[in-house]
């Protein structure tokens, strides 16, 4: 039975429940170079046609609501509406399909990841006509990319600042993550940097707690950096976590880091928020600080296979919002990561131009034009025996971040750092000599053990 409608006197206006596909499903539409394109994995409620559900996603994430409203006549829906322009099945999943949606660029505020996500994913994921919804990928048009500053410095500028070339960078997260005093924390930082690491790191939940206030930590870490630099002749850094309860406090911590003369600060970009992250990124570029990004909370958003957002979308958003490093998974180690899929979004972080490649999860060709690249950080559950695989998989433009793989060395922190550095240099040397790291990795590490703790 058709829904009841009410006619407004004199204007011929009809209210009532409308099928979304009548307005928002447009398979004949040819996408524009300026459109933001989205690929959604849709799991509809039983009995609902794919065209209607795909159109509903386009409508509820752009101009639509459940009925026609009289103010529709005061604007041009054809100019501003999102369009579901293509639907394809998901192989092996009878109840799922991919809906491709095109959004006009005028729907989004320039230079605002916050506004982009508020529009595309802010409301539609709670739509009861859908059992589940996942944003698999976005195509960001060049016209929109150019409204963002992006990373504060990028890969090449970071290497020039550090004067380190031809190999991955080495890092270590200080453990235990919580409970150390600032002085003992600084001691661990010094031992790791003195042993040969390029960076050490605050854990994501180290902010300013009663056992270690942020200012004390910054001071002792700066002392460790300068002492290790003087003794090794290398430029060193520690990711000082500036994440705070307010943007004002976050910037205050970054200002203090700059006054100490340290090279890099850190931010938890998902828990801190994109507005805060973009603000910090702008400050870092203006003041010569590198910015390390941790993705704490990402698995809440990206781990479910049929609901939420894939990490490649969060990675693209970070490149737009700004960060010089971001944690990206390891493929090896204790956290999840499929090799081809992980390398797909690693390339989206580093490269200027990435072709569509569905085998790697890349739904759209992405052109970043002149936006600087981001170094992927491989971390969590890795140690020296993973070094050949990590060197082969991630290449030179990466940060290999060890925690227990450094601090868990039976001889102490400094020998653990020495072991990491010796293993890395052995793998890079073997690779440059043409040896196969995949098949000879164990032998390469055993040879290196003769010259390392």
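For all residues, glycine too, the Cβ spot is worked out from N, Cα and C.
Annotated features, as they stand in Swiss-Prot:
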{"type": "ACT_SITE", "residues": "175", "note": "active site, proton acceptor"}
{"type": "ACT_SITE", "residues": "294", "note": "active site, proton acceptor"}
{"type": "BINDING", "residues": "123, 173, 177, 295, 327, 379", "note": "substrate binding site"}
{"type": "BINDING", "residues": "201, 203, 204", "note": "Mg(2+) binding site"}
{"type": "MOD_RES", "residues": "3", "note": "N-acetylproline"}
{"type": "MOD_RES", "residues": "14", "note": "N6,N6,N6-trimethyllysine"}
{"type": "MOD_RES", "residues": "201", "note": "N6-carboxylysine"}
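With respect to residue 177 (substrate binding site), the closest of these recorded positions in Cα terms is 203, chosen from 201, 203, 204, 294. Between the listed recorded positions, namely 294, 327, the fewest other CB atoms within 10 angstroms of a CB are found at 327. Here the recorded positions are 175, 177, 201, 295, and the one ringed by the most other CB atoms within 10 angstroms is 201. For the binding-site residues 203, 204, the largest tally of other C-beta atoms within 10 A is found at 204.
Distance between Cα atoms for residue 295 (substrate binding site) and residue 175 (active site, proton acceptor): 18 Å, as a whole number. Relative to residue 201 (Mg(2+) binding site), the binding-site residues with Cα atoms inside 10 Å are 173, the candidates having been 123, 173, 327, 379.
If you measure from the Cα atom of residue 173 (substrate binding site) to that of residue 203 (Mg(2+) binding site), you get 6 Å.
Summarising the substrate site geometry, the residues cited as binding it (123, 173, 177, 295, 327, 379) extend over a maximum Cα to Cα distance of 37 Å.
In this structure, the binding-site residues under consideration are 123, 173, and the one with the smallest number of other Cβ atoms within 10 Å of its Cβ is 123. The separation of residue 123 (substrate binding site) from residue 175 (active site, proton acceptor), Cα to Cα, is 39 Å.
Here the CA atom of residue 203 (Mg(2+) binding site) lies 12 Å from the CA atom of residue 327 (substrate binding site). When other Cβ atoms within 10 Å of the Cβ of residue 379 (substrate binding site) are tallied across all protein chains shown, the result is 24. Checked against residue 294 (active site, proton acceptor) by C-alpha proximity, the binding-site residues 123, 203, 204, 379 yield 204 as the nearest.
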